[in-house]
Amino acid sequence: MKLLTVLTLLTGLVAASPIDLEKRQRNELRVGACEEITFIFARASTETGYLGGSTGPGVCNGLKLARVGQVACQGVAPRYTADLASNFLPQGTSQAAIDEAVELFQLAASKCPNTKIVAGGYSQGTAVMHNAIPALPDNIKNMIKGVVLFGDTRNQQDGGRIPNFPTDKTKIYCAVGDLVCEGTLVITAAHFTYMANVADAVSFLLARV
């Protein structure tokens, strides 16, 4: 019953999203030119496209509006499928998702060595970032200027930080009443309020690039 409730709520989030399909399909690091800033994002469970339909494209669009012609947005996909079942794995997501995110950070560093990397995740996507970033070598970690995490499913488990990554480069958004931030997979209405934090997240990232 709990899993059915989670699925119903998450499906409703996607259906209600105002973000159009074109903006969800951001694959610009892989197929586009290098830009001054590269944004890598892992979407929430059941969200479609590369960036999802909420905070991912919200932050991407905010960065692009502030730094016109200087931002490439890249979603962690397609091997990260954002399925519900992977939330229950020990790392909070699949190894395939983690490996894909690691490869994207490596691609940004090798293809675009002068880019400034910023990153983010929402819900299960935060677990992707919590696991991928610590796996990177120090030279790539140093290229990451800021990370924003919404509804962090690894917040309690990792002590309110990304392991082995500077806390001053990380901003975690955990709404009052969002129980996933407290080490559970219980989904409440608070888990769907993070569009309200997008503008602040954009400002946080811009201040670091």
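Glycine residues also receive a Cβ, built from the backbone N, Cα and C atoms like all the rest.
Annotated features, as they stand in Swiss-Prot:
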ACT_SITE  Ser123  active site, nucleophile
ACT_SITE  Asp178  active site
ACT_SITE  His191  active site, proton donor/acceptor
DISULFID  Cys34-Cys112  disulfide bond
DISULFID  Cys60-Cys73  disulfide bond
DISULFID  Cys174-Cys181  disulfide bond
SIGNAL    1-16  signal peptide
SITE      Ser45  site 'Transition state stabilizer'
SITE      Gln124  site 'Transition state stabilizer'
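Features recorded in Swiss-Prot, as mapped to the structure shown.
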residue	record	DSSP (3 states)
Cys34	disulfide bond	coil
Cys60	disulfide bond	helix
Cys73	disulfide bond	strand
Cys112	disulfide bond	coil
Ser123	active site, nucleophile	coil
Cys174	disulfide bond	coil
Cys181	disulfide bond	helix
His191	active site, proton donor/acceptor	helix
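Each of the disulfide-bonded residues Cys34, Cys60, Cys112, Cys181 was ranked by the number of other C-beta atoms within 10 Å, and first place falls to Cys60. A distance of 6 Å separates the Cα atom of Gln124 (site 'Transition state stabilizer') from that of Ser45 (site 'Transition state stabilizer'). Note on proximity: among Cys34, Ser45, Cys60, the recorded positions of the record, the Cα nearest Cys174 (disulfide bond) is that of Ser45.
Taking the Cα atom of each, Cys34 (disulfide bond) and His191 (active site, proton donor/acceptor) are about 34 angstrom apart. The two recorded residues, Cys60 (disulfide bond) and Ser123 (active site, nucleophile), show a Cα separation of 17 Å. The subset of recorded positions (Ser45, Cys73, Cys112, Ser123, Cys181) lying with their Cα within 10 Å of the Cα of the residue listed as 'active site, proton donor/acceptor' consists of Ser123, Cys181, given in sequence order. Each of the disulfide-bonded residues Cys73, Cys174 was ranked by the number of other C-beta atoms within 10 Å, and first place falls to Cys73.
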